[in-house]
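As structure tokens, the structure follows; a few thoughts come after it.
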Protein chains: 2
Amino acid sequence: MKIIQTIEELQEIRKSISSSVGFVPTMGALHDGHISLIKQARSENDIVIVSIFVNPTQFLKGEDLDKYPKKIEADSKICELCKVNYLFLPQISTMYGEDEVLVKAPNIKSYTLEGERRPGHFDGVLQVVLKLFGLTKPNRAYFGKKDAQQLALIKQMVENLFLGIDIIECEIKRESDGLALSSRNVYLTAEQRSDALAISKSLHAAAAIIGKKEFDCHVIKEHMQTIMSQLDVEYIAFVNRQFEEIQTIELKNSIILVAVKVGNTRLIDNIWI
Amino acid sequence: MKIIQTIEELQEIRKSISSSVGFVPTMGALHDGHISLIKQARSENDIVIVSIFVNPTQFLKGEDLDKYPKKIEADSKICELCKVNYLFLPQISTMYGEDEVLVKAPNIKSYTLEGERRPGHFDGVLQVVLKLFGLTKPNRAYFGKKDAQQLALIKQMVENLFLGIDIIECEIKRESDGLALSSRNVYLTAEQRSDALAISKSLHAAAAIIGKKEFDCHVIKEHMQTIMSQLDVEYIAFVNRQFEEIQTIELKNSIILVAVKVGNTRLIDNIWI
């Protein structure tokens, strides 16, 4: 595995690759969720590029940019074990200049749910992903379903800008007790972690009652609220795969999303129905 | 020459090309300025793609979107004679959907000069150029120096988004009497056209006094104003190649720009010093 730190080196290397490239952009602190993305990229492409970059433009003022977990040595080892070909580790000054061309996420889709709580967050996400796509020019790029709204917006960006990149949607990885893997889980105390289990429980309960043909989102939501009654729930939302709000579950075209604050930590989770 | 009207067809064709691609984006109504871009693209690339698309997002309300000159048959013939391989003629609905991912030109550079008079204009220019770059994935793209601010912003976008495309700057083409070629010159009456000659005269006069080592932009500007005293001058500006305002001419790093309103027609021109 080759570690790359400069734009010039990455561009030079990319020019020399004529076979298929799979790209996995990350912010590091790699867990089994990331590993599953990397493994899938490994199995579907000749060359795998992983990036680790804690992108400042997607953090709002007061968010956890400075304390976002960093484990670069362990991350590097993981990538090596997963037979990644190139690990791209840029600095902020490598990625950004002054007074840049900006990307603006769509008005409607990007200012609901996560975008409503984190205004401008998705502008930063799309900006850095577009930069990384420009550098790595992947055939396929891998994103987890856990950040479902991010995934929908990246897919839309690829469509709107005709980038011709296959966006591969990867399943959410969970602890054996159901907690969705997240780099931010390290912020949780034992008690908070235990409380947080109600999130995935509520999602699985929703799937169970949908299995019994309850498709009314209002009813499902009330059921989920009961399960998460001890938690500070920011939203429970029902959207289709185009991320438009729905009132009735459409099988194979719905996503149920939850955002919860546990102590100072925001956790998001979802289930694709 | 093959005419392409759909995204799918263009993407399919692009995938099949492994040799070098030169791209010339235009809004049609092709004149000798465009032809010189196409000829240069022809001489430097295996495959030449030209697009003709009057992009609505770069026109402001009240501008000449609806009456922008259209000469598609003549344009198509010109492209054929210039041995263009592919002519892309999309519809608006082919290029744009609803609630799109947007591109925002840099704050400072895009809200001076043309951007000050046409706020949002460059957002639309960068958006459509980025879409067209996504579709055509050129090795080289050709732009005229006449739209100098546009050229600077496109170069910046390529840098900021690491697109890895060579932006080729092409010389301004002029009528024998000095008037810079523009698709909008057809709007001019004979009298207006005659008045408009003062624009290029003022630029050549500027070059002449710079040749005599007068580098003070204030002095040069006064001289130009005298020559254009009969015209409704919107601005005379002095910038370096990074499009930052300058007070003193730096040889081989300066551009003098003029915008003038002749009747209802805005004309821009410039000279690279």
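Glycine is no exception: its Cβ is also placed from the backbone N, Cα and C atoms.
What TrEMBL annotates here:
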| type | residues | note |
| --- | --- | --- |
| BINDING | A:27-34, A:144-147, A:181-184 | ATP binding site |
| ACT_SITE | A:His34 | active site, proton donor |
| BINDING | A:Gln58, A:Gln150 | (R)-pantoate binding site |
| BINDING | A:Gln58 | beta-alanine binding site |
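Known features from TrEMBL, placed on the structure.
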| residue | record | CB count, 10 Å |
| --- | --- | --- |
| A:Met27 | ATP binding site | 18 |
| A:Ala29 | ATP binding site | 20 |
| A:His31 | ATP binding site | 18 |
| A:Gly33 | ATP binding site | 20 |
| A:His34 | active site, proton donor | 26 |
| A:Gln58 | (R)-pantoate binding site | 21 |
| A:Gly144 | ATP binding site | 22 |
| A:Gln150 | (R)-pantoate binding site | 23 |
| A:Leu181 | ATP binding site | 17 |
| A:Ser183 | ATP binding site | 19 |
Task = Give the sequence-ordered list of residues that share a chain with A:Lys146 (ATP binding site), lie 6 or more positions from it, and have CB atoms under 8 Å from its CB.
result = A:Gly33, A:Ile172, A:Ala180, A:Leu181, A:Ser182, A:Ile268, A:Asp269, A:Asn270
Ask   = How many Å lie between the Cα of A:His34 (active site, proton donor) and the Cα of A:Met27 (ATP binding site)?
value = 10
Note = Sequence-ordered binding-site residues within 10 Å (Cα) of A:Gln150 ((R)-pantoate binding site), taken from A:Met27, A:Ala29, A:His31, A:Gly144, A:Ser183, are A:Gly144
Remark   = Reading the DSSP string in three states, the entry for A:Gly144 (ATP binding site) is strand
Ask   = Quick one: what's DSSP say for A:His31 (ATP binding site), helix, strand or coil?
value = coil
Ask   = Where does A:Leu181 (ATP binding site) sit by DSSP, helix, strand or coil?
value = coil
